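Quick look at what TrEMBL lists:
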- A:61-208: domain 'Electron transfer flavoprotein alpha/beta-subunit N-terminal' (DOMAIN)
- A:244-320: domain 'Electron transfer flavoprotein alpha subunit C-terminal' (DOMAIN)
- A:277-278, A:291-295, A:308-315, A:ASN329: FAD binding site (BINDING)
Amino acid sequence: MSDVKRINPRRPYRMSPTGLRRIVLGEIASADPHIGVTAHETQQAKPLRTREPAKRWHMAVAHSERGRLDDHAREAIAAASILATPDTGVVAVILGELHENAGELGADKIVVVPDLDATRFQPQREEAVVQVLLDEFVPAHVFMPDNLRGDGDLGRRLIAKDNAFAATHVIELDARHVSVSWSGGAEIAKAPLPRFVLLAPGVVDAKLPFAGAGELLPAPKLPGVTEAYRDLGLEPTEAADIALEEADFIVSAGNGVENVETLGTLARTLGAAIGASRVAVDEGKFSRDKQIGASGKSVNATTYFAIGISGAVQHLQGIKGCRHVIAINRDGGAPIVKRADLTVIGDAEELMQALITRVSQARNQGEVPRSKDE
Amino acid sequence: MSNAFTVAALISAGRHPVSGAPRACRGDAVAMALGRRMAGDGLRVVHAGAAEEPSLQDYLALGAGTIEALPLDSSGDAVATLAAHLKNVDIILTGSNAESGAGSGLLPYALARALARPVAGNVLDARVQKTAGEGWDVEIRQFLPKGQRRRIGCALPLVIAVHPRAPVQLKYAYARRLSGRIERFPETPTDTCVAQPVWTVETASRRPIRLKARETKSGHARMQAAVVAEAKGGIVAFEGSTVDKAQVMLNYLREHRLVDF
Ligand SMILES: Cc1cc2nc3c(=O)[nH]c(=O)nc-3n(C[C@H](O)[C@H](O)[C@H](O)COP(=O)(O)OP(=O)(O)OC[C@H]3O[C@@H](n4cnc5c(N)ncnc54)[C@H](O)[C@@H]3O)c2cc1C
């Protein structure tokens with residue numbers, strides 16, 4: 001026998017999603033080697049970030065939206081917990097209702113103030129409530145999303161009150177520094193990490209390998225503040241009237257869409273604005289102001305439905321800022337498939353009809369959405 | 001138009017983001033145009049900084065008329081200088097972010113604090129009305145994302161930070177540039193000593209680095225993560241009936257909290 005180490009040529013392997021055979025060392029042999037990795041992964045509870053009692057605090061303040069936190073708000077909490085040393089605790093102050101577990105986002109203590117949601121304008125109350133918490137915890141750093149939903153406004157009010165050096169529109173940060181773009185982006189400016197940090201979107205990776213303790217604290221009493229402002233309410237808006245550049249949900253049609261009516265119905269059902277590819281516009285199905293792409297508009301929607309759109313570079317250029325792209329296409333080899341987060345292969349008309357039916361059902365019955373881990 | 005209330009618009013030195021050429025800062029020009037609509041010829045246009053600033057010429061062309069230039073003292077604290085100068089002005093209009101420097105959007109808030117008056121941000125439109133009593137009241141239309149708009153009422157005096165999308169028309173006229181005036185004010189010493197930030201500025205030669213949690217993972221776990229990360233592009237649903245596929249789309253929307261049903 002030679003001492004050359006022998007390798008079992010038939011040792012267990014997995015098929016990666018692209019169809020490559022992968023041998024993962026240390027892998028325990030699975031009964032079926034062809035099971036895809038993604039289907040296989042089990043969600044384990046994350047370990048706690050720290051077990052030490054908190055001596056100091058980091059605070060994250062954000063508004064919720066319909067009981068949930070958007071990515072930007074999650075990033076602020078993640079920043080607070082990533083930059084926290086083991087003896088620093090993280091307090092998340094959520095203005096508005098919260099129906100999810102902020103502990104998983106990295107918060108050790110959570111204060112929810114349901115009466116201060118973003119749909120109402122009561123900056124002086126918000127300021128007073130946060131001030132109470134600032135006095136209680138005396139956080140070393142306060143992280144907030146710099147958005148137009150009220151957090152940017154509240155943050156600036158707090159900064160003005162604090163009257164110390166602070167950073168807004170922060171595009172990069174670490175434990176010591178923040179960077180902001182200077183003179184419109186040609187330059188970048190660096191400064192020591194201040195007390196108040198208002199973060200631009202996408203600056204922090206909100207995926208954490210750890211969790212916070214997630215202890216819910218009672219909300220502080222709303223102080224009796226007389227607002228200088230009278231909130232006269234939100235103006236009613238129709239999704240179809242929203243300018244494409246501002247829309248958060250866009251349903252967009254390409255050459256593969258025959259029936260414009262169906263598309264309109266789908267957009268109404270989903271509460272989305274309507275866009276189109278150049279070919280669809282050239283054919284006269286849509287007006288020119290609906291065109292998305294290099295020679296049309298650039299959009300920043302969170303959700304973008306590309307229906308019967310091949311995904312030519314000129315079109316993709318216009319949807320660079322879209323976070324979730326869902327494509328419906330007959331052709332699994334179309335370039336849009338590479339860009340899309342979800343592609344459904346099939347006939348556009350049939351799928352649109354099916355989706356309209358399904359979504360109306362879900363809306364009317366007020367189904368309770370199944371959560372992922374059920 | 002004679003007004004019982006006074007309006008001032010603050011203008012800053014604008015810079016083209018690429019060439020650095022001096023120009024009117026668009027946000028400030030929009031605020032100035034909104035002020036013109038509110039107060040007509042009664043609008044005061046104020047610049048905290050040197051009267052020689054070249055971009056002021058652009059503001060004259062856009063209809064500033066007379067610009068009041070307030071030189072800053074050695075501390076360079078625009079807020080204190082402006083607060084002292086604008087004590088008696090009812091409505092102060094500013095842009096949302098300056099084009100030169102950090103463009104932090106903090107000035108309207110700091111100014112409102114210094115003058116102890118309310119401030120409204122991201123304002124698209126403002127209309128002043130007489131109240132039942134003697135006073136004046138302003139109704140504000142505020143920009144919110146996702147196409148939403150809010151209306152707010154507020155008594156005077158207040159500070160308004162105007163959103164750059166405010167629906168006003170900017171008209172450039174060379175004749176106005178020639179006929180306009182820049183009025184120099186003497187330096188007023190201020191007694192504030194706010195620690196100014198120490199920004200070190202460098203050319204942006206790299207992309208900003210995303211803040212990520214440091215992970216201590218075993219080699220095995222990292223290899224596994226790499227295998228998963230190989231999947232470029234998203235999920236593709238080939239199989240199933242159209243109803244199944246519609247369910248797949250709905251599940252995706254729900255999973256990522258893109259819909260509220
Ligand atoms: C200078 C220049 C500027 C341009 N600017 C723009 C721009 O701003 N915006 C823009 O969009 N384009 C622009 N274009 C055009 C661009 O190159 C593409 O031609 C265009 O985007 C293609 O549009 P489309 O995807 O709708 O059509 P197609 O390329 O014809 O794609 C149709 C897609 O629909 C699918 N399909 C067909 N029938 C069905 C069905 N029944 N069910 C499901 N799927 C179906 C097909 O598989 C195909 O993938 C520009 C081009 C140039 C040269």
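Quick reminder: no glycine exception, Cβ is built from N, Cα and C everywhere.
Small disclaimer: the values here were computed from a predicted structure and weren't measured.
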Quick one: among the binding-site residues A:SER277, A:GLN291, A:SER295, which has the most Cβ atoms sitting within 10 Å of its own Cβ?
A:SER277
Let me know the DSSP-derived helix, strand or coil state of A:SER277 (FAD binding site), please.
coil
Suppose we draw a 10 Å sphere around the Cβ of A:GLY311 (FAD binding site). How many other Cβ atoms does it contain, all chains included?
22
Residues that sit under 8 angstroms from A:ILE309 (FAD binding site) by C-beta distance, when 6+ apart in the chain:
A:SER252, A:ALA253, A:GLY254, A:ASN255, A:GLY256, A:SER277, A:HIS315, A:ALA327, A:ASN329, A:ILE336
How many neighbouring Cβ atoms, not counting its own, are there within 10 Å of the Cβ of A:VAL313 (FAD binding site)?
9
Could you check the binding-site residues A:GLY293, A:HIS315 and say which one's CB has the most other CB atoms within 10 Å?
A:HIS315
Tally of residues which DSSP labels helix, strand or coil - the domain 'Electron transfer flavoprotein alpha/beta-subunit N-terminal' (A:61-208):
49 helix, 47 strand, 52 coil
Under 6 Å from ligand 1 by Cβ, which binding-site residues from A:SER277, A:GLY293, A:SER295, A:VAL313, A:HIS315?
A:SER277, A:GLY293, A:SER295, A:HIS315
